[in-house]
Amino acid sequence: MDKYAVFGNPIKHSKSPFIHTLFARQTMQDLEYSAIEAPINGFVESVTAFFSQQGKGCNVTVPFKEEAFQFADQLTERAKLAGAVNTLKKLDDGIILGDNTDGEGLVQDLLQYQVPLEDKHILLIGAGGAARGVILPLLKQNPASITLVNRTYEKAKQLAELFSPYGRIEAKKMSDINKGFDVIINSTSASLSGELPQIDPVIFSGGAISYDMMYGSGKTIFNQWALKNDAYQAYDGLGMLVGQAAESFTVWRGLRPGSKQILRELRKT
């Protein structure tokens, strides 16, 4: 039986084994998927041991995505630009391929909700690893523009410059934002810390779609704020989690599983 896993620390909370077990059942693939808590300073040793013991592929979550980027022998274009890897696959020749499926997970979730991205004005809040991983897939949807804002403007500016060859993207200071957008994506952990970005809620005016990469049992704090300020609709990041998992599964098995049923199951728990 082919072995797969997710590496992280902590990892007990991970929904990945549940998701991939359902994907395997749905696509009739014979595999096992486990959660492995690697020591903070022992990711390389743990993942090397996993691949030497017939491991076929793995997901990587915090805090090891940058280490996985360094560990991979070969990188996809989206992983190179993301600067982080969340999916490793052992190829037939023993080469370890590093990929990043986070952005594809976000885009697929937005499209599943029938959120149009082409020719739309997108505001991306945050300039950390989560933002960096989704910019290229968003640009590939041909939006009219992506505006990047961050608490530290310089970080947003550097990220906008990195991705400028791939599409229309610019960085702005939060204090300079004074208009509405079509789609607002929050890549910060604001909802977990109970804080809100220091930005004018006018961004939601005119029926914007709000998307928070965080998720919880109810509406996230960011999405509550969005709806209170005239956002048309608000979605959390649980579908992105399922979407990136589906993309990883496709990378490993060459089959794309359906996400809707799994998302329904997760909403029940």
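Positions of Cβ are set from backbone N, Cα and C atoms, glycine also.
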Of GLY55, GLY103, GLY180, GLY237, residue recorded by Swiss-Prot at the NADP(+) site of GLU77, GLY126, ALA127, GLY128, GLY129, ALA130, ASN150, ARG151, THR152, TYR153, GLU154, LYS155, MET213: GLY237
Further binder of shikimate named by Swiss-Prot next to SER14, LYS15, SER16, THR61, ASP102, TYR215, taken from the candidates ASN41, ASN86, ASN186: ASN86
Rounded inter-Cα distance in Å - MET213 (NADP(+) binding site), ASP102 (shikimate binding site): 10
Binding residues SER14, LYS15, SER16, THR61, ASN86, ASP102, TYR215 (shikimate) - maximum C-alpha distance in whole Å: 19
Span of GLU77, GLY126, ALA127, GLY128, GLY129, ALA130, ASN150, ARG151, THR152, TYR153, GLU154, LYS155, MET213, GLY237 around NADP(+) - largest C-alpha separation, Å: 28
By Cα-Cα distance, the member of binding-site residues GLU77, GLY129, ASN150, THR152 nearest ASN86 (shikimate binding site): GLY129
Greatest C-beta neighbour count within 10 angstroms, which of the binding-site residues SER14, ASN86: ASN86
Chain-internal residues, separated by at least six, CB under 8 A from ASN150 (NADP(+) binding site): ILE125, GLY126, ALA127, ALA131, ALA156, LEU159, ALA171, MET174
